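S.K.: Have a look at the structure that comes next, please.
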Amino acid sequence: MSETKRVRVRYAPSPTGFLHIGNARTALFNYLFARHNDGDFIIRIEDTDAKRNVADGEESQMKNLKWLGMDWDEGVDVPGKYGPYRQSERQSIYEPLIQQLLDKGLAYKCYCTEEELEAEREKQKANGEMPRYSGKCRHLTKEQQAEKEAQGFKPSIRFKVPANETITFNDMVKDDVSFESNGIGDFVIAKKDGIPTYNFAVAVDDHLMEISHVLRGDDHISNTPKQILIYNAFGWEPPIFGHMTLIVNESRRKLSKRDGSIIQFIEQYRDLGYLPEALFNFIAMLGWSPEGEEEIFSKEEFIKMFDPKRLSKSPALFDNVKLTWVNNQYVKKLPLNDVVELSLPHLQKAGVVSADLDQAELDWVHKLVSLYHEQMSYGAEIVPLSEMFFADAESITFDEEEKAVLAEETVPKVISAFKKELEALDVLEAAEVKSAIKRVQKETGVKGKGLFMPIRIVTTGEMHGPELPLAIEVLGLEKVLNRLDTWLQNN
């Protein structure tokens, strides 16, 4: 294919569920490649497998792509001259092309039942052979075909794979790749109901939509020789292919939808309060890297930098720790109001903040979130981070390390003195808390960790956390006095 041909790439999901992280990466790399080359990014819906399609699957895919920050030049919702953009609406395009292959003797009708095919596969496996179709319907005469149809058999259509050919292509990621045609076997291009199979529809659509580059996951590489054979049968020029390495988990195993250790769907990250810009950034680095050590880039910077030559030849590690770090970098840059907006739905869902909160409660939420602004990695994290602000005094428990601190003989007088200081206050503000702690130090003669740690542990239930005077201010006078009093009564 000519390198000067206009870049046209596509993301072609099946509407079988939510947008998976692997599919999001495929879409993103195609998007970046198109935008970098001032080309076209197309969304095509591959919905011919009606049994697997789910309600709202198509809408969910596009909604989440938009949320991540991608737009496209053609698609179901952006009509163009290469439509329709749903494969289910392109049947009238596929049928004459299938017939053309039949007429040329490059395809044939196959009447084998699923049971026969399964028996054939099992026999091949038992003999240590690679399972593939034997071609037994390849040489049926017209009379034999008519007899089969008279008996009620409906044919599928199989492509005649030429013998003893080496199918070679230069891959953008893997360099030169070759397959032997003898290992492929005649493959189905139209099912018994006349619906084309994936490989046929994809090859036809990519050609008719003038797709210049096909950038997709490594799990598709075995489809590529079949698609090239279809291109060759019609005398078409194949696109340039690029097969990205798979995404693996920390055990270096291929990311599986059954792997519960990793959240794998964009919708879930969205629901947890991750930022789209951060996910865009993280996904863009899954199997691709820029020059240098920097890891945080804007969408515009990624578009400017993106070069498929920098796609990794090694599997891409999905690192949860890295993802939360990346998201935290973006959260830290947000204005506090935006972080409150990100956090509030999760506090409300947890039932610790009113669904219909008044201005005073909203002001309090601003103070609460400000304590964790630098630390928060995503919106929902505010709930576990701030749980000590909502706990009853009676429910607070201490671990062994905390108990050891509270067992020091000076602790009761520190807590008593601090309680007395707070009881004298009309308003609990951080500055007043600081002054109160200084007065406790003067009165008791206790300073440093022996002073601060018991106060922190008894008031917050934690040894570590936000700046103590600020945390006590946000807790509020009533709650703090209750916790101090409860501890004194029990010790």
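Any Cβ shown, glycine's included, is placed from N, Cα and C.
From Swiss-Prot, for reference:
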MOTIF     13-23  motif ''HIGH' region'
BINDING   Cys110, Cys112, Cys137, His139  Zn(2+) binding site
MOTIF     254-258  motif ''KMSKS' region'
BINDING   Lys257  ATP binding site
S.K.: With a Cβ cut-off under 8 Å, give me the same-chain residues at least six positions beyond the ends of the motif ''KMSKS' region' (254-258) that come close to it.
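M.R.: For the motif ''KMSKS' region' (254-258), the nonlocal Cβ contacts are 20-22, 246-248, 264, 315, 318.
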S.K.: What are the helix, strand and coil residue counts for the motif ''HIGH' region' (13-23) according to DSSP?
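M.R.: Its residues fall into 3 helix, 1 strand, 7 coil.
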S.K.: Taking just the CA atoms, what is the gap between Cys112 (Zn(2+) binding site) and Lys257 (ATP binding site) in Å?
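M.R.: With distance taken Cα to Cα, Lys257 (ATP binding site) is 33 Å from Cys112 (Zn(2+) binding site).
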S.K.: Could you count the residues of the motif ''KMSKS' region' (254-258) that DSSP puts in helix, in strand and in coil?
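M.R.: Here the numbers are 0 helix, 1 strand, 4 coil.
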S.K.: By a simple count, how many Cβ atoms lie within 10 Å of the Cβ of Cys137 (Zn(2+) binding site), its own Cβ left out?
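M.R.: Counting Cβ neighbours of Cys137 (Zn(2+) binding site) within 10 Å gives 20.
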S.K.: Out of His139, Lys257, which of the binding-site residues is least crowded by other Cβ atoms within 10 Å?
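M.R.: Counting other Cβ atoms within 10 Å of each of the binding-site residues His139, Lys257, the minimum falls on His139.
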S.K.: Pop the Cα-Cα gap between the residue listed as 'ATP binding site' and His139 (Zn(2+) binding site) into the table, whole Å please.
M.R.: 42
S.K.: Can you give me the average pLDDT across the motif ''HIGH' region' (13-23), rounded to a whole number?
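M.R.: Mean model confidence (pLDDT) across the motif ''HIGH' region' (13-23) is 89.
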S.K.: Which site among Cys110, Cys112 has the most other CB atoms no more than 10 Å from its CB, taking these as binding-site residues?
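M.R.: The largest 10 Å Cβ neighbour count belongs to Cys110.
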